[in-house]
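Report on one structure; see the data block that follows.
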Amino acid sequence: MDTAAVDRIIEKLIEVRSSNPGKLVQLSESEIKQLCVASRDIFLKQPNLLESEAPIKTRGDIHGQYSDLLRLFEYGGFPPEANYLFLGDYVDRGRQSLETICLLLAYKIKYPENFFLLRGNHECASINRIYGFYDECKRRFNVKLWKSFTDCFNCLPVAALIDEKILCMHGGLSPDLSSLDQIRNLPRPTAIPDTGLLCDLQRSDPGKDVKGWGMNDRGVSYTFGPDKVSEFLSKHDLDLVCRAHQVVEDGYEFFAESELVTIFSAPNYCGEFDNAGAMMSVDENLLCSFQILKPAEKKNKFVM
């Protein structure tokens, strides 16, 4: 995909930041398919366990809240001003999943070594068929386009290691994970199964009152206790697990004596939660700081 075409798409997508939130950007079907194909090729050329370097800014779930994504870029810097790692769940639930995923894929194509996208559990056909993305694709384009996204999502990497010390994924730990090479060796393209390592990396959750491994209220995967986080970090000589997947009131929340952090980047999620959104900045010394985007009814004030 030529650079000029990608630049035109990015320009179209970000010019609405001066408009009222919610204004649609109508790319052509051909442009979107090119984004899917070109980004898919890049995902497959890069490892399933990405190795990225600080400084980098990390973001959790976006869920089609496109105007919030643009505001997060305004505060953190539009690429290439900063390096970014997104932890998945770009689509479903929000009203502008297409704009959200298209801008992220376009940035991935333009800055493949500085802009990273991990897979969330909603980047899977069996989930986004139900929770809104399929319907949005069908309403604005057609089912065939949704299938192009499925082919792309099936190739997304599932975890990232920042300077060999911070392990990032969408969901959490797995009882099946004994070596990081297991992540590197997971097959792609693939759908997300209902059990096993890939499922857990996408869908497990920390549990404050859990010791070891517990049942998950979601009906899939596990919960894990602080003991499992400490054990995992010690075994693999890591400092922190960084994940998303759960709404947290302040946009970020520590667990297990600050050995794990949950980041959620969709403020006022679905218009139903009075939560803030957050972005974690990791500096060259691996010090983590958080930028908070308050919910809309609190005038979207951005604070450090």
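Easy rule for this one: first residue shown is 1, then count along the chain.
Positions of Cβ are set from backbone N, Cα and C atoms, glycine also.
A quick note: this is a predicted structure, and the numbers were derived from the prediction, not measured.
So that you can see what the record holds, here are the features copied from Swiss-Prot:
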BINDING   Asp61, His63, Asp89  Mn(2+) 1 binding site
BINDING   Asp89, Asn121, His170, His245  Mn(2+) 2 binding site
ACT_SITE  His122  active site, proton donor
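Overlay of Swiss-Prot feature records on the structure.
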residue : record                : DSSP (3 states)
Asp61   : Mn(2+) 1 binding site : strand
Asp89   : Mn(2+) 1 binding site : coil
Asn121  : Mn(2+) 2 binding site : coil
His170  : Mn(2+) 2 binding site : coil
His245  : Mn(2+) 2 binding site : coil
State the Cα to Cα distance, in Å, between His170 (Mn(2+) 2 binding site) and His63 (Mn(2+) 1 binding site), rounded to an integer.
13
Long-range same-chain neighbours of Asn121 (Mn(2+) 2 binding site), Cβ under 8 Å, sequence gap at least 6?
Gly88, Asp89, Ile127, His170, Gly171, Ile192, Gln202, Arg203, His245
To the nearest whole angstrom, state the Cα distance for the pair the residue listed as 'active site, proton donor' and His63 (Mn(2+) 1 binding site).
9
Measure from the Cβ of Asp61 (Mn(2+) 1 binding site) and count the other Cβ atoms within 10 Å, all protein chains considered.
27
Counting other Cβ atoms within 10 Å of each Cβ, which of the binding-site residues His63, His245 scores lowest?
His245
How many other Cβ atoms sit within 10 Å of the Cβ of the residue listed as 'active site, proton donor'?
27
Which are the residues of the chain, Asp61, His63, Asp89 excluded, whose CB is within 8 A of where the CB atoms of the Mn(2+) 1 site average out, their centroid?
Gly60, Ile62, Gly64, Gly88, Tyr90, Val91, Asp92, Arg93, Gly94, Gly120, His122, Ala244, Phe264, Ser265, Ala266
For the recorded Mn(2+) 2 site, enumerate neighbouring residues of the same chain (Cβ within 8 Å of the Cβ centroid of Asp89, Asn121, His170, His245, site residues themselves excluded), in sequence order.
Asp61, Leu87, Gly88, Gly120, His122, Gly171, Gln202, Arg203, Ala244
